[in-house]
Each structure stands twice: as C-alpha cells, then as structure tokens.
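A.B. asks: Let me give you the structure first, and then I'll get to my questions.
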Amino acid sequence: MLGAKPHWLPGPLHSPGLPLVLVLLALGAGWAQEGSEPVLLEGECLVVCEPGRAAAGGPGGAALGEAPPGRVAFAAVRSHHHEPAGETGNGTSGAIYFDQVLVNEGGGFDRASGSFVAPVRGVYSFRFHVVKVYNRQTVQVSLMLNTWPVISAFANDPDVTREAATSSVLLPLDPGDRVSLRLRRGNLLGGWKYSSFSGFLIFPL
C-alpha cells in the first residue's frame with residue numbers, strides 16, 4: 001500500500017532493516033523444520049507439507065478423497081500355429097483364443113475364453129491383429145462387446161501368402177462387460193501364431 005510503513009518487532013528481534021513479515025517467515029520456517037506443525041498467522045492456517053511427499057492433486061498424487069485410478073492392461077498372442085486337439089474354435093467360425101498372455105495387469109483377461117472382462121468402469125482402447133497364411137479364403141474378424149459386433153476387419157486378398165485383419169477401437173465399458181474376438185468368416189489354420197489381441201484402460205469414468 002502507498003504510504004504504508006513497515007512494523008518492527010520490539011526487543012531482541014528489533015532490527016532497523018528487518019520488517020515484521022520477514023521475521024514471521026523466518027520463525028515459520030524454523031517451526032516447520034522442527035515439528036512440521038501448521039503456522040498460524042492472523043487466523044489463517046498455512047499447511048506445511050512433509051518432505052518427499054507428493055502434493056494432493058499434483059503430479060503423482062490423486063485429488064483429496066479419491067483413490068488413484070487402477071492400472072488395467074493386457075496383451076495376448078498364440079504360442080503355436082494350430083489349435084490343440086479338443087479346443088473349440090479350431091480354425092472354424094467361432095471364438096479366437098490366445099494361449100500365451102504377455103501382460104495381464106488388473107487380471108481382466110481370461111485365457112480360457114480368450115476374452116477381456118472389464119474390472120472397472122472407464123474408457124478402454126483395444127487392438128487386434130489376426131493373420132491368415134497361405135489361405136485364399138476371405139477372413140472376417142469382429143471385435144465383440146458382449147454379444148454385439150462393434151467393428152470388423154477383413155483379409156481378403158487371394159494373391160498374398162500372409163495378410164492380416166487389423167483394427168482398433170475405443171469403448172466405454174461397465175464392470176463385467178466382456179470384449180472378445182470372433183471369426184465370422186473363413187478359417188485361420190496355419191496363421192494363429194502371428195495373431196495378437198491387446199487393450200488397456202485409458203481413464204476411469
């Protein structure tokens with residue numbers, strides 16, 4: 001403020017060049033180092049953070065009253081070309097299975113069924129890459145949300161030895177929603193090992 005004069009402390013803390021506000025700041029710093037206690041100045045509480053602790057709502061911290069979002073991600077592939085005897089979906093129209101799980105953070109991917117079950121409500125990203133090898137038939141692969149085909153991809157060039165049906169999508173899911181791949185047309189005999197299926201949680205809702 002214009003014309004305002006600094007206030008000085010009486011006694012031993014009085015110094016011609018030491019304004020009151022600097023003395024209070026110095027005292028507050030000393031109290032914070034000793035006991036990390038709040039500093040009370042004119043009825044306002046100044047919270048002293050603990051050293052090395054992330055501030056709430058800042059980088060590495062969640063907002064007050066909220067838990068950090070869970071980490072959810074999976075990636076699965078085939079370890080061999082042909083379906084083992086006794087498995088369903090052995091090259092004919094049906095569910096596409098993946099027997100080798102590379103990542104399953106959050107435990108949402110079920111290897112037995114080849115499907116992902118959403119553990120939390122949120123927006124998820126999914127990607128699949130399904131290959132046909134030495135196969136002149138058209139292959140159609142659909143990504144299924146429960147029983148609904150969301151997107152489909154095709155591999156239909158008869159003149160190439162290897163071709164992939166590949167696509168990706170973002171989906172809002174509720175807990176318990178199931179996402180899987182289904183072979184809607186053609187067969188994958190000989191090309192299983194080059195196929196993959198992956199997904200992850202982008203953010204919770």
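The backbone N, Cα and C atoms fix where each Cβ goes, and this holds for glycine too.
What you see is a predicted model, and the numbers here were worked out from it, not measured in a lab.
Swiss-Prot feature annotations, pasted as is:
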| type | residues | note |
| --- | --- | --- |
| SIGNAL | 1-32 | signal peptide |
| DOMAIN | 67-205 | domain 'C1q' |
| REGION | 72-205 | region 'Necessary for interaction with CBLN3, and homotrimerization' |
| CARBOHYD | Asn90 | N-linked glycosylation site |
A.B. asks: Using DSSP, what is the helix/strand/coil residue split across the region 'Necessary for interaction with CBLN3, and homotrimerization' (72-205)?
C.D. replies: 3 helix, 74 strand, 57 coil
A.B. asks: So what's the average pLDDT for the domain 'C1q' (67-205)?
C.D. replies: 83
